[in-house]
Every structure is written in structure tokens, then in C-alpha cells.
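Reading through the C-alpha cells given below for one structure.
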Amino acid sequence: SFIGEESVAAGEGSILTDNPTWIIDPIDGTTNFVHRFPFVAVSIGFVVNKKVEFGIVYSCIEDKMYTARKGKGAFCNGQKLQVSGQEDITKSLLVTELGSNRDPETIKIILSNMERLLSIPIHG
């Protein structure tokens, strides 16, 4: 099976089944692309039995290829990636994205979550 982000965004229906399925977003970061903000990628995932087996993200502008395989780790241009190990959130940098959904109820939830995050004494 095949699920394309652009067709789903255009309103076409899509159902994830247990069949092996490719999920592809040819312009991941469409809003960034439209505004010439240089964070755009091609994202590809492969799912079997509704579980991700592997994924590939090619960051076009940076010329970086991110890959990950279930149980095998994640890599950037072949170099293994790992989390920092920082366990104290007050010493962390949090990054968020508000999304494109402007439904009033969704905005209310997003802003409530942001308020909770901003009350933590984080670095930024």
C-alpha cells in the first residue's frame, strides 16, 4: 500500500491497514518551503502491521540523510545518533511547533500545553 501526505492533505481518504505500506511526504515542511525557510525534507516511512519498520528523512538544503530502523538505532549521514542523556528538564532547551490547524478547540489545547511548558524554568 501507499499513503502520500500531499494527497491526504488534499482530502483524499487513507486507511492504514496491516499491509506493508509506504508513507511518503515529498515536501515535508511545505509551509517552510512556501516561505523559503530552509528546513524542508523528503520523508519516507515503511510500516508493516501498523508498526514502523524504518524511516528515511533527507534534509535537502542541509544535504543530510537521516535513517532509522526498528531496533537498530538512528543515523545521520551514517553516523549514529543518540540522545543527550540530560534528565533535568530545567537544563534543557525545548523546541515546539504550533502546527497549521486553526480550529478554535485545537488552538485552545495547543496554547494550554504551551502555557504548562512555559511555566517550567527551562533554558528556552
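From the backbone N, Cα and C atoms, a Cβ is placed for every residue, glycine too.
Automated prediction, rather than curation, is the source of TrEMBL annotations.
Database features (TrEMBL):
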| type | residues | note |
| --- | --- | --- |
| BINDING | E5, D25, I27, D28 | Mg(2+) binding site |
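In this structure, of the binding-site residues E5, D25, D28, the smallest number of CB atoms within 10 A of the CB marks E5. Take the CB of I27 (Mg(2+) binding site) and look out to 10 A: across all protein chains shown you find 16 other CB atoms.
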